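**Student:** My structure is below; once you've seen it, I'll send some questions.
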């Protein structure tokens, strides 16, 4: 069954995740295919992006699709006063799928409710980033061969990081042993996210108390652009630094992930450790997003 919109991690079933992982494996060494020949993908990035925009662009091209779009709100008619609904309707006329990033929470859901073509959420405000969660889980699957039964530690900005929200929600499709939420009190996971989880969660402010139990340490930067009050940002901006001291306390086969960009929250000396998998994680973005495009737009025998 073809996927329609991918607005939230909860739009995917457990079977969907594994099917996309299997497809990503098949696409991992592909140079160029024509599966999406004749299709047009719109990259509607109302908010800046480097990795996400470029990896989606590359994924579409490698499947044979044509790509149109924009990289900032300033380059669109929204800068002239056009509303989001009209922009989405216009993009429906030009393309077969819209990959959308926006600064407002819920923008992707709003777009999906008025769009006749699939919407893929590439990040909406501090709400969600479901394709990043797909990459995160795919990395874990590739490293360990499984996701169930693992202990996770999410560290850093757990309040404003949309990648955290999507990963926590995606994990409801699996069976994590437990999840440690490690953050300053000002940056704890929001209650509406916690209330929807179906696995054990433990909140703490000290990573040293739990690091020895963690299989997957997921690190996020403190997101200055989400803070209304810069004074509050200054208080927490360097709350944690993952350094060699912390890494040396991890399990030997434990891994460190990061959605990137990294600022100061992971010491660069950590990059050379066997635990550091964040650059490998980033390398999986293109085949994973190829798989997602194929799920949304590819021809199916059951269509």
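Cβ coordinates come from backbone N, Cα and C, glycine included.
Quick paste from Swiss-Prot:
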- 51, 52, 101, 129, 132, 260, 261: carbamoyl phosphate binding site (BINDING)
- 80, 162, 221: L-aspartate binding site (BINDING)
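In terms of burial and nearby residues, how do these features look in this structure?
**Tutor:** Around residue 129 (carbamoyl phosphate binding site), the same-chain residues six or more apart in sequence whose CB sits under 8 Å from its CB are 121, 122, 123, 162, 163, 165, 166, 259, listed in sequence order.
In three-state terms derived from DSSP, residue 221 (L-aspartate binding site) belongs to neither a helical nor a strand segment and is classed as coil.
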**Student:** Counting only residues 6+ apart in the same chain, whose Cβ is under 8 Å from the Cβ of residue 221 (L-aspartate binding site)?
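**Tutor:** Set apart from residue 221 (L-aspartate binding site) by at least 6 residues yet with Cβ under 8 Å, we have 156, 157, 161, 258, 261, 262, 263, 265.
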**Student:** Across the record's carbamoyl phosphate-binding residues 51, 52, 101, 129, 132, 260, 261, the largest CA-CA distance in angstrom?
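**Tutor:** Between the most distant Cα atoms of the carbamoyl phosphate site, 16 Å.
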**Student:** With the carbamoyl phosphate site defined by 51, 52, 101, 129, 132, 260, 261, which remaining residues of that chain have Cβ atoms positioned within 8 Å of the Cβ centroid?
**Tutor:** 49, 50, 122, 123, 163, 259
**Student:** Judged by the number of other CB atoms within 10 angstroms, which among 51, 162 is the least packed of the binding-site residues?
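**Tutor:** Among the binding-site residues 51, 162, the lowest count of other Cβ atoms within 10 Å belongs to 51.
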**Student:** In DSSP terms, helix, strand or coil for residue 101 (carbamoyl phosphate binding site)?
**Tutor:** strand
